[in-house]
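Taken from TrEMBL as is:
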| type | residues | note |
| --- | --- | --- |
| ACT_SITE | 202 | active site, proton donor/acceptor |
| ACT_SITE | 210 | active site, nucleophile |
| DOMAIN | 107-238 | domain 'L,D-TPase catalytic' |
């Protein structure tokens, strides 16, 4: 539940009141000439109250800056129960058209940074089948891997999902395990530290190093990942589609010495996913 403006104002009053009462009680004690010991006891009591209210206000302020909303704590199950009736109708349409049972046994999301697209693939009988493509609404930075905190780059590589966040400030979010083992290994070789983290695929249309999909699209992706199981889902992020262009043909900026190796790994992984041809399904739910 979100507080109204009047509720926020009341909360502020509660925070200020102990300080005002402290001054008022002190003046009253001095006016009626209470013994000094009694004055100290009363004033100490209100000092403790002031500290308690101040701590409460600080906790509330800090809470607002976290990705989880303090006043609206939902579970993944809560979200699935609320949105799945409308969301899964759309998902089943995509899967039925592809001839894949829903939910699938395994799932791959392929993010293409230059194309600003995210493809969904599902496994059927040991091979990967294309399901649908979503438009990416925002992704900060440029092509090239993420190397440090604050560079606003979207990572490139093969990642796992480590969390589903039902209380994201960006509607819903899917967390990635950046930095993964490869990222940490190359950082160690380079002598780099503070690699950053908290990389998400999320809703809304703004991004600072994450992938913003819009609210309707993230609802579908969130439900799909939950139904499939995050342990059965991987996320592949490439600078652009190596199935159509070789790494040398793109607009690559100078990168670290290990970049060709990373792109070779990504390119080899992409070979399991047949390049799209013709009018393949696209989602319009962003």
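Note that Cβ sites are derived from N, Cα and C of the backbone, with glycine treated the same way.
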Integer Cα-Cα distance in angstrom, the residue listed as 'active site, nucleophile' to the residue listed as 'active site, proton donor/acceptor': 8
Taken over the domain 'L,D-TPase catalytic' (107-238), the model's mean pLDDT: 97
Composition by DSSP (helix, strand, coil) of residues within the domain 'L,D-TPase catalytic' (107-238): 27 helix, 48 strand, 57 coil
